Amino acid sequence: MRNLSGDHTVEFVLVDFPTSPPLQLLLFALFLVIFLLTLLENALIVSTIWLTPSLHRPMFFFLGHLSLLELWYINVTVPRLLGAFLTQEHRVSYVGCMTQLYFFIALACTECVLLAVMAYDRYLAICEPLRYPSLMPFSMATRLAASSWGSGFFSSMMKLLFISRLSYCGSNIINHFFCDISPLLNLTCSNKEQAELVDFLLALVMILLPLMAVVSSYATIIATILRIPTAQGHHKAFSTCASHMAVVVIYYSSTLFTYARPRAIYTFNHNKVISVLYTVIVPFLNPAIYCLRNKEVKDALRKTVLGRCPCSRDIPD
């Protein structure tokens, strides 16, 4: 649909997954279950950290922000994914598309920076344990968390500033289940070189630099772990680091593949699959890997869930 002058697109058509109806219903049911479980686990973690004074420490403060971010993130993206399995296409206004794009980019960039902050926090705790309280007081943790959110939303605003100035006067069909940068750049009839350059540079700053910080932090952590004399200490530390790195690799590699690769190799259907990784799978895995493997969080979560249940007294520790 175009405006009365016939020059500019005022509405986009999102093309959903081209699969058979039985498979669409199966995928819808699968992702609905994942969506509900992700909502439940992240909501429980946020409330548990908030209600448990012993968890009011920088490490758990960051974990609470991560779960809060995941709650917002999946509510922005997953309902649109679920709708993609029920309809062949979905129409969204120009303003709605830009709004969706803004929050999606902001939350994705915020998570990249927040994961780097969490890796830095673990580096200080493991490699500088005696100086950790002075290097990471709660005031510093608050500033780092605020900087993560602020940098993510500022980066998104800068990207959207250039993308929203483009004109869309040709096809209005987006072969994706939500409004994303690359499909929009492919539809514009304006000169998009400046917007592509800004998008590429900000993607490198907001994704590649935090990734380098994560890798360097965990490399130092692993080097410190290797100096632990006991095999049990090795196993426990490596198990924690490996699980954290698994999420980091999945999230950063999928976002780098989407936002920092040459447009010439852009493949729509592959991009849909990659998008599912960081919009559905990573938010589902993060609470289990970062929080539910932590004994303090598990104990506090058990008290939060079972503490109000009359039968909880009969459940042994």
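Glycine is treated like the rest: Cβ placed from N, Cα and C.
Sequence annotations record features per position, and here TrEMBL assigns domain 'G-protein coupled receptors family 1 profile' to 41-290.
Annotated transmembrane segment per TrEMBL: 25-52 (among others), in sequence order. Sequence-distant neighbours of the transmembrane segment (25-52) (same chain, 6+ residues past either end, Cβ-Cβ under 8 Å): 17, 19, 60-61, 63-64, 67-68, 70-71, 74, 78-79, 81-82, 85-86, 280-281, 283-284, 287-288, 291-292, 297, 300-301, 303-305.
For 59-81 (among others), the entry in TrEMBL reads transmembrane segment. For the transmembrane segment (59-81), same-chain residues at least 6 beyond its ends with a Cβ under 8 Å from one of its own Cβ atoms are 14, 31, 35, 38-39, 41-43, 45-46, 49-50, 90, 100, 103-104, 107-108, 110-111, 114-115, 117-118, 121-122, 125, 138, 141-142, 144-145, 148-149, 177-178, 276, 279-280, 283, 286-287, 290-291, 294, 296-297.
Listed by sequence, the residues of this chain that lie at least six past the ends of the transmembrane segment (101-120) yet keep a Cβ under 8 A from its Cβ atoms are 59, 62-63, 65-66, 69-70, 72-73, 76-77, 144-145, 147-149, 151-153, 155-157, 159-160, 163, 178-181, 184, 202, 206-207, 209-211, 213-214, 217-218, 244, 247-248, 251-252, 255, 278, 290. Marked as transmembrane segment by TrEMBL: 101-120 (among others).
Per TrEMBL, transmembrane segment is recorded for 200-225 (among others).
Annotation source TrEMBL lists transmembrane segment at 237-253 (among others).
Summarising the annotation, TrEMBL assigns transmembrane segment to 273-292 (among others).
Note on the domain 'G-protein coupled receptors family 1 profile' (41-290): mean pLDDT across this stretch is 82.
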